[in-house]
Amino acid sequence: MKKAVVLLSGGMDSAAVIALAQEQGFAVYALSVRYGQRHTSELDAAARVAAAQGVVAHKVVDVDLRSIGGSALTDDIDVPDAGGDGIPVTYVPARNTIMLSLALGWAEVVGANDLFCGVNAVDYSGYPDCRPEFVRAFEVLANLATKAGVEGVGLRVHAPLQFLSKADIVREGVRLGVDFGLTVSCYRADADGRACGHCDACRLRAAGFSDAGVPDPTHYAILS
């Protein structure tokens, strides 16, 4: 069976991506990164999703981006309730580049020629590393920078959610049997994975379920 490394954050998008990769016949190797994120309960969610969706292996890699800083997700900076103009403070510098690089390294080790990630350019928060140009550029890099690429084995970077709305992602997940109740999206999620209901990630997630006409399985803290 062909193999793929899938980036798994523990959120709804990456859970849907695993299901889509499996539907395409890939044996999935899921990679999560403990990068110093304050909402560490997403890693607990990643473990739940990996187990529920039957991945071949789930690896958690430690890369502490707090030493670099520059993001409300790693630093002692308030997470805003809603997105504004420009690149938001929840952007983690070079995060997707770093994570895809780790996925690329593992792919070479396990003999996978395909990488999957859940970046989205429709209902997203304005992150530069979620754009189609970034995904295309990383695929070029992957084929230039690896033994497999130099030997003529084409490496592919898939972003199957890139042009889907959050509602579309919900519908695809439901079609494929994804249990979104296992996932955590909130930037302020507590230790039990309960969502704040106010941050940009919560807003986008809630709108996705509402627009799709699907009951929202998110576990919320008491909303004020």
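Note: Cβ is positioned from N, Cα and C throughout, glycine not excepted.
Swiss-Prot annotations:
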- L8, S9, G10, G11, M12, D13, S14, A15, A16, V17, I18: ATP binding site (BINDING)
- C186, C196, C199, C202: Zn(2+) binding site (BINDING)
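One residue stands out among the binding-site residues L8, C196, C199, C202 for having the most other Cβ atoms within 10 Å of its Cβ: L8. A C-beta separation below 8 Å, combined with a sequence spacing of at least six in one chain, links I18 (ATP binding site) to V6, L8, V28, A30, V49, A50, Q53, V55, F116.
Between the CA atoms of C202 (Zn(2+) binding site) and S14 (ATP binding site) there is a gap of 16 Å. Under the three-state DSSP scheme, L8 (ATP binding site) falls in the coil class. The local packing around A16 (ATP binding site), expressed as other Cβ atoms within 10 Å of its Cβ over all shown chains, amounts to 26. Applying an 8 A CB threshold to same-chain residues 6+ apart, the list for C186 (Zn(2+) binding site) reads H39, R194, A195, C196, G197, C199, A201, C202, R205.
Under the DSSP three-state reduction, C199 (Zn(2+) binding site) is assigned to coil, being neither helix nor strand.
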